[in-house]
Every structure is written in structure tokens, then in C-alpha cells.
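Please read the structure below before turning to the comments.
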Amino acid sequence: MVRITPMASFSVRPSLSAFRFAGFSRSGLSLSSFNTTRRIALLQLGSAVPQSQYFGLKAFDMLRGEGSNIGMTVAGNAAQASTSSSSENLLDWVKQDKRRMLHVVYRVGDLDKTIKFYTECLGMKLLRKRDIPEEKYTNAFLGFGPEDSHFVIELTYNYGVDKYDIGTAFGHFGIAVEDVYKTVELIKAKGGKVTREAGPVKGGRTVIAFVEDPDGYKFELIERGPTPEPLCQVMLRVGDLDRSIDFYKKAYGMELLRKRDNPDYKYTIAMMGYGPEDKNAVMELTYNYGVTDYEKGNAYAQIAIGTDDVYRTAEAVKLSGGKVTREPGPLPGINTKITACLDPDGWKTVSFSR
């Protein structure tokens, strides 16, 4: 059994201009209403009427002297009921929150070489690029459409670092193309690496292929008709699939789009997201029979999700068994608010709101 190792200290430093995500709705509760709700809940917990008014002085003295734990039980039950109600309200809010997968972030060793491969072989466009010499890193955003309406890739190059460890936990990215065979031939002609030739999936009819980029990140090419979201999948391996499904439903409001078990090859997959696979980017969670831990490496970083309220998102993550690694709050100098969280397997998600 392999183990999870801590991420190395290589940084992912998206520029402040990275936080443009006007494509998702912000019709949920505002920050002010959230704070008001919290204040009301605290007042309800701290404004109990003196017990002597309920029991009479003599009865109250008796309870205090002989069974004060009864009063503690009443107060405890009231607090528990209030907490349960607040938790239910929070999880209901998560279901109503208007969210969208914004971008996926990972590190590369040669930014220009990667950009060339993605644009010439995979058909992406370079949306923007920004160098931050004082921080010694460069960001590049690539995708098949504008950032405010499409799921995109954010590449990070840290000065002087030309190689990273992808590990065994990260799986692949998925790209929908109209002709997998032609795409594979193009990639070969450009000197790209094909790790699985084009052809139908085993036991099915969908045509797929696998290729690798210059850093070793795998891309699954999926034959599909015209789609508004060609960059369609991020596959991550998890140690407990049902736990992960429950977490992403509760913490991030994702839907379980489909789940498929493949006992012949000893794995199960679950597709999670915010809409149909043929129109939206989704997370593909993979469980390999008997494997509960993986090596994370230091190459893959995180997925970014847009939300109406990062404060409530962080609370939902905590309630659902995740860990908040950056408490919610505004970024210096701009209106964007951010929180960073880990799921039960240690996969990082960064949420943004305005």
C-alpha cells in the first residue's frame, strides 16, 4: 500500500487577475445575511430564561442541589437542536448555491513548450499569460473559450524548476473531440506521445485515446459531437468512493451524474458535477479495489470553483468532513474573496466569490 506524502514547497501563485469569474450567478445569500444568521443563532443559544421561572424557587433549589445535570441536559438538547437546524439550513443552501467549475491548476517545467503542445496538438487557445518576476513565477491560462464561460487550465511555472512528481493519485484530464483518430494522427505528426491508440473502450462503443503532454500529464481524448465544454473531465483517484461522493454532494453541491462499477478490471468510477457531462466539465472520481492511499506528488495543485459565498462554503466543508486550509476572506486590494479546502483524500479545492 502506498502512502500520501505532503506536497513539496513549490508554490502555485495565481496572479490577482486570475480571479475573473463573472460567468457564475451570485443570486444566493449575501455575506451580510450570513453574519446576521450567525448572530441570531448565537443569541438563541445564550438567552435562556432562568430556570427558576419555569420550576418555582423551591423546585429550582431542589434541582440545583440534587440534579443540576437535568438543567444541563435541557440546555444541551436545545443547543444540539439549534446546531442541527443550522447544519440542515447550511446544507440546503449548498444545494441552491450557483456554482461553476472555473479552472484547474498545475505546475509545469517548460511553460512555452507546454503552451505549444496544447495549442498546436490539443486545439486550445492561449487566453492570457502573466509573468511575476518579483515572485519568480509565470502563469498561463489556456482553454477552448473565455474564462467567464468555460472551464480552463491554469499552468504555473516556477523559475528554475523544470520537473515535478505527478504521483499516483492524479489520473488524467479529458478532452472531447469530434474525431479521435484524426486528433491522434495530428499529435503523432507534431511529435506528441500516444499512450493508448484510438479505438472503442473495452466493452463499449465510445472511441477514446490517451496522450501525454511534455510534463507527463495524461489526456483522455473522448469522441463526442459538438460540445460547449471540450475540456470536460478531471480524473482523481480516491480511497473511499462513497465517502467522496457524499463529501462533494454536501460540501460543494455537486450531483452524482453516474456511477459505474467495472469488476473485471477492479475499479469503480463516479462522475460528479453541476450539469450533464456533454455540456459541463466534471470530476471523475476513481476507486481501485483495495487501494486506499496514493502518492500525491507535487505537480497537480487544485480545482477552482465559483460560489456565491466563500464563508458558508468553508462552513459546509468543515461540516462535511473536509479541512479548511485558508480561512475565507478577501484578497488584498480587490473585491474577490477566497477560501481553500481539502477533501477527505487531501485533494485541494479553492472557492472564489465576490
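Just so you know, glycine gets a Cβ as well, placed from its N, Cα and C.
The annotation domain 'VOC' is assigned in TrEMBL to 100-224 (among others). As a whole-number mean, the pLDDT of the domain 'VOC' (100-224) in this prediction is 97.
Of all Cβ atoms in the shown protein chains, 20 besides its own fall within 10 Å of the Cβ of Glu220 (Zn(2+) binding site). Annotation source TrEMBL lists Zn(2+) binding site at Glu154, His172, Glu220.
Annotation comment: TrEMBL describes Glu220 as active site, proton donor/acceptor.
Look at TrEMBL and you will find 230-354 (among others) tagged as domain 'VOC'.
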Using DSSP, what's the helix, strand and coil tally for the domain 'VOC' (230-354)? 22 helix, 56 strand, 47 coil
By a simple count, how many Cβ atoms lie within 10 Å of the Cβ of His172 (Zn(2+) binding site), its own Cβ left out? 19
